[in-house]
């Protein structure tokens with residue numbers, strides 16, 4: 001006869017204890033060759049030079065010809081020294097000196113790099129926004145190992161500080177080696193389809209590695225799918241890289257949920273970023289630049305069985321050679337490998353495994369856009385307006401993290417008024433001030449401080465003014481009046497002595513990046529501004545967008561939400577159970593003992609057993625007796641029915657899950673002076689054992705997968721119930737009442 005038993009998991013009770021060099025790891029020796037010393041003088045250029053003998057051609061390390069180094073005409077923070085390496089090289093280290101035998105040396109500097117001599121990117125030392133340490137005298141050499149190295153053709157040294165008793169003076173060297181590059185370019189309407197070898201055995205692991213340079217913020221980098229809608233997709237979405245892993249099969253267990261992994265930020269900066277994807281059985285490793293996400297998919301790996309082809313740059317529509325199901329990638333891929341196979345080389349050789357769709361080419365065009373960075377709230381860019389015209393017309397793009405700041409200010413001619421365009425609460429607002437009239441205001445857009453590029457078009461003429469932000473248009477009718485454009489427009493801020501209406505405001509100047517500025521029908525070339533041939537400026541970084549994501553990685557702990565401005569970040573700790581600048585300090589006591597010391601009565605409380613550690617708080621019952629007992633309940637009913645099975649059949653089992661996780665339980669146990677876990681078993685018409693060797697017919701398994709045969713107060717490993725230990729079992733032949741086989745509970 002099958003037996004029936006109740007397993008009763010009582011509680012887990014815890015009794016508290018009584019008390020409570022710049023030189024790094026380096027690159028291979030064959031990648032430390034000096035790269036600048038053998039270059040001709042024409043490979044060196046600069047913002048200016050003090051004299052012909054102080055030119056950039058005399059800036060090579062340890063050289064004494066000319067004046068013994070480069071010195072600009074004026075020593076200020078807008079000077080730079082540039083090297084053209086001739087082709088993209090891997091750069092592993094740099095070195096600096098001052099001007100030979102002089103009092104001219106640089107004490108700190110920024111290092112910038114670029115592929116085409118435009119759109120420069122700052123090399124950041126271990127996520128630091130500050131510069132490199134420079135020299136303390138004219139002739140000592142200061143080396144700096146670059147960890148990680150980078151690849152570039154052009155390098156710029158931007159002095160930040162120099163000997164106060166001298167001028168800027170530099171001699172430099174760059175170290176590295178040749179860099180192999182296979183590039184494929186997608187125009188946003190093209191793709192590569194790679195057909196894999198149909199081998200009888202699928203590889204033990206799939207490895208995809210590549211670098212990408214994005215011209216737009218959205219697009220498919222790669223896609224591979226199976227017969228039942230299962231697929232993997234790598235997609236750039238608003239400058240972040242998202243890896244999708246989807247089973248696509250409704251018949252598969254519900255535990256196999258779609259996986260979405262997101263890494264990176266601001267990846268649409270038209271610079272190279274590296275990607276590595278490793279699929280090993282159900283283990284997924286996803287790396288973007290220096291950040292890696294490890295993920296273990298649930299279920300077996302059969303749902304990863306995919307077709308023997310993979311597309312790069314887009315997802316082709318079956319049967320249509322130029323149609324794509326999602327927005328395709330616009331940009332370049334470099335050194336594209338699938339399981340060690342150079343896919344780009346196969347495409348260049350027109351191998352039969354590769355199908356090219358659309359306009360695919362094998363060179364990467366260099367961006368011609370010149371961004372401008374407004375570094376501080378005092379930054380401004382003054383440009384000539386379309387003076388004398390009967391309208392105001394300005395377009396540009398911007399990106400920022402700041403919720404507020406002036407973007408544009410201008411005065412109209414003949415004292416007819418002024419206008420100001422500014423951010424407030426993440427929205428773009430335009431105010432037009434005219435004598436004798438109340439200000440006219442227009443608002444457009446929302447959430448514009450998200451770090452993305454946003455397009456702005458502003459115009460005012462005769463009887464109306466309008467602002468267009470991305471796809472949001474706002475129009476304000478005006479009293480018919482002559483709009484007479486002024487002589488100068490101020491972007492980002494105003495001159496210190498400016499007194500125009502709306503120019504002085506507590507909002508402060510704009511901090512962020514601008515590009516593609518047009519005034520009237522004329523495009524503005526910021527390089528002319530940099531050369532002093534157009535307008536004027538203060539505290540700008542021209543030909544570079546210096547925006548950084550201070551929330552990547554996030555320093556907010558315990559699930560706190562990170563938000564940022566141009567200069568800093570903050571953490572929203574609401575609902576996390578923690579407080580402090582980074583949500584580090586727990587709001588909850590660490591134990592029931594602490595609650596008892598505060599005079600709290602017995603009851604339900606949240607405790608945080610590891611304090612400010614990674615484990616979250618959990619709910620317990622604090623039983624305040626002579627000691628403070630921490631009672632952790634399990635999540636199911638107190639009593640569960642188990643029906644025994646005939647001999648030879650699988651045994652019946654039930655699982656109990658506590659209201660706290662395994663790590664939380666371990667932390668609580670480690671704090672306790674004593675720990676008890678109690679299970680009781682009641683039985684009726686239980687089956688006798690086949691032999692009297694004491695082999696148990698029931699057991700329970702603990703947190704470390706160990707087996708226990710003791711029940712309801714017995715000792716561990718005694719193989720006796722409490723009645724067996726006390727000698728009062730209902731049948732003296734057995735050590736447990738349930739072994740007696742009585743037809744009663």
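Note that Cβ sites are derived from N, Cα and C of the backbone, with glycine treated the same way.
For the domain 'F5/8 type C' (31-177), DSSP puts the residue distribution at 13 helix, 66 strand, 68 coil. Taken from TrEMBL, the feature domain 'F5/8 type C' covers 31-177.
What TrEMBL records for 183-364 (among others) is domain 'Laminin G'.
Across the residues of the domain 'Laminin G' (370-545), the predicted structure has a mean pLDDT of 85. The domain 'Laminin G' annotation in TrEMBL covers 370-545 (among others).
The annotation domain 'EGF-like' is assigned in TrEMBL to 547-584.
The domain 'Fibrinogen C-terminal' feature in TrEMBL is assigned to 583-634.
Annotation source TrEMBL lists signal peptide at 1-25.
Residues in the domain 'EGF-like' (547-584) partition by DSSP class (helix H, G, I; strand E, B; coil) as 0 helix, 10 strand, 28 coil. By the Cβ criterion (under 8 Å, sequence separation of 6 or more), the domain 'Laminin G' (370-545) is not in contact with the domain 'Fibrinogen C-terminal' (583-634), since fewer than 3 such pairs are found.
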